[in-house]
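Q: This is the structure I have questions about; it appears just below.
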Amino acid sequence: MAGIRVTKVDWQRLRNGAAHHTQEYPCPELVVRRGQSFSLTLELSRDLDCEETLIFTVETGPRASEALHTKAVFQTSELDGGEGWTAAKEAQMENTLTVRLTSPPSAVIGRYVLSIRLSSHRKHSNRRLGEFVLLFNPWCAEDDVFLASEEERQEYVLNDSGIIFRGVEKHIRAQGWNYGQFEEDILKICLSILDRSPGHQDNPATDVSCRHDPIYVTRVISAMVNSNNDQGVVQGQWRGRYGGGTSPLHWRGSVAILQKWFKGRHKPVKYGQCWVFAGVMCTVLRCLGIATRVVSNFNSAHDTDQNLSVDKYVDFFGRTLEDLTEDSMWNFHVWNESWFARQDLGPSYNGWQVLDATPQEESKGVFRCGPASVTAIREGDIHLAHDGPFVFAEVNADYITWLWHEDESRERVYSDTKKIGRCISTKAVGSDSRVDITGLYKYPEGSRKERQVYSKAVKRLFSLEASGRRTQIRRAGRRCLWHDDLLEPATKPSITGKFKVLEPPMLGHDLKLALCLANLTSRSQWVRVNLSGATILYTRKPVAEILHESHTIRLGPKEEKRIPIAISYSKYKEDLTEDKKILLAAMCLVTKGEKLLVEKDITLEDFITIKCAHPGAPGKNFSPI
């Protein structure tokens, strides 16, 4: 009998695509998800004899091997099942055979080559059938990325557009973003991002073998979306100057960025800021099959020394001393959450994991962040992998203000220590509305439970003994911050203050505000008020001073007074950045030596007014815009 061979392959793209929720990928090759069977039909040169066997081989990556689980060799059987790759005959009609292949739910993801060997009476026929792409599978209960809710799978895996929230705590704005994970070449680009990583360049075979693990894959993508340590996708820029590139505010989606990086031979795309990094990372992870969403944190801490506090040094006008202040509080910061199991930590920490591609601090020598379990952050278990202290501080650090004296001594100033981590937001499932998820990250601000968790986190971070010994955690010149400073609040002053906007702050108009002070005591008090104002970036980094004045007022018993403040448009127009933000500060010095710092962030509105004449008015010509 003549040897048998495969003459034609039907990958059944429509049937498999629908079953695997991959029909939207416009790839030439089949795209399927792991842990789930897919079918293909083989046309043979003749009928298959009962004694003849079909042996399949799947391989991914360079130097694929069974030891690394990047290669599998398996033959058809009558029964499904088994821990590895399996093949089963589904139907046979004359010389046409349909087989069902199933990958394990822990298979390495990526591009595979499928080959077949037909053996009959000592005759063998080998053929390379082609390539297919294997992705993570949130629909498979045995996959680490399994997500039970179909509505959430539709939103966090298949939705190719979304909303990113920006602005300030009391004025949150929604911006549309096109993730475009099903656009032309995006899947190919996402796989190439993995191949451009330093780990792959150093040891490609080992790197590919680790791609079964969503912890590993997301950590690699977190590093590769920024360009700080590698030929990553996006180059960050926070100085307000975007020459030679695109302003971060002008991007509206990930597709153009990814395509530019790929077509430009992996040259980083200029420029990005946090929401751009988060938007691109969401595209990549959804494309690879991991449920992912974009999260915005308002009043987000950047704790550079990881002491769980944001330590701000100011002068007698409340102006930030940049050379002394290492920490910062951004008006907002945007990162990602991805849903998967934490086999390294235990089932208590499964679920949403924080990932941040914005290059803020190094994690084991690389600019990346996460995955950090959201549950671990809420419970103060910051010792768990990865980057728990940094993420915990972003949402729950204490905001501490220090007045710096000329003799290089410092004095703690009363201010709102609980302003960090407000209105943590993400897009709702199935609609464009905003959902507040602050409760997933921390217990109610100022509650007994929240304070207990904060103390627990501090003790875990500094390994404090039960005696509560003083633990030095930073030296910087003559400055020295101690653990005791974090838990002892500043003395509450006998006055209160807040800024009030008298007219809506509009771009191109003068700003009119008032500082409202109130005496809490039954005695008169003199207060010296030093006012300052500056245009800022959204990271709260000052650009230029636009206000500097002092007032001395007398507050009678229980009296409230207003100090009017006016800033002309001519004063701020030259130094306003694209962020359109201004920071006001008032250092209030009470006669008894008490000090109160009041701050307010202002975002200017940009309105366009269109005046239309009556349609019948003579001499008016209207052209379409």
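Note: Cβ is positioned from N, Cα and C throughout, glycine not excepted.
Whatever TrEMBL says is automated annotation, not expert-curated.
Straight from TrEMBL, here's the annotation block:
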| type | residues | note |
| --- | --- | --- |
| ACT_SITE | Cys274 | active site |
| ACT_SITE | His333 | active site |
| ACT_SITE | Asp356 | active site |
| BINDING | Asn396, Asp398, Glu445, Glu450 | Ca(2+) binding site |
| DOMAIN | 266-359 | domain 'Transglutaminase-like' |
Q: Taking 8 Å from the centroid of the Cβ atoms of Asn396, Asp398, Glu445, Glu450 as the cut-off, which other residues in that chain fall inside it around the Ca(2+) site?
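A: Leaving out the recorded residues gives Ala397, Lys418, Ile420, Gly421, Lys442, Gly446, Arg451, Tyr454.
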Q: Which recorded positions (Cys274, Asp398, Glu445, Glu450) fall within 10 Å of His333 (active site) by Cα distance?
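A: Among Cys274, Asp398, Glu445, Glu450, the ones whose Cα sits within 10 Å of that of His333 (active site) are Cys274.
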Q: Using all protein chains shown, find which of the recorded positions Asp356, Asp398, Glu445, Glu450 scores highest when you count other CB atoms within 10 A of its CB.
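A: Within the set of recorded positions, the most crowded position is Asp356.
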Q: Return only the integer: C-alpha distance in Å from Glu450 (Ca(2+) binding site) to Asp356 (active site).
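A: Between the alpha carbons of Glu450 (Ca(2+) binding site) and Asp356 (active site) there are 24 Å.
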Q: Mean pLDDT for the domain 'Transglutaminase-like' (266-359), rounded to an integer?
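A: The average pLDDT of the model in the domain 'Transglutaminase-like' (266-359) works out to 96.
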Q: What is the nearest of the recorded positions Cys274, Asn396, Asp398, Glu445 to Asp356 (active site), using the Cα of each?
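A: Of all the candidates listed, Cys274 is nearest in space.
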Q: Within 10 Å of the Cβ of Asn396 (Ca(2+) binding site), how many other Cβ atoms can you find? Include all protein chains, please.
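A: Its Cβ shell of radius 10 Å holds 24 other Cβ atoms.
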Q: If we check Cα distances from Cys274 (active site), which of the binding-site residues Asn396, Asp398, Glu445 wins as closest?
A: Asn396
Q: Tally every other Cβ atom lying within 10 Å of the Cβ atom of His333 (active site).
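A: So the number of other Cβ atoms within 10 Å of His333 (active site) is 26.
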Q: Starting from the Cβ of Cys274 (active site), draw a 10 Å sphere and report how many other Cβ atoms land inside it.
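A: Excluding its own Cβ, the number within 10 Å is 27.
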Q: Using DSSP, how many residues of the domain 'Transglutaminase-like' (266-359) fall into helix, strand and coil, respectively?
A: 18 helix, 40 strand, 36 coil
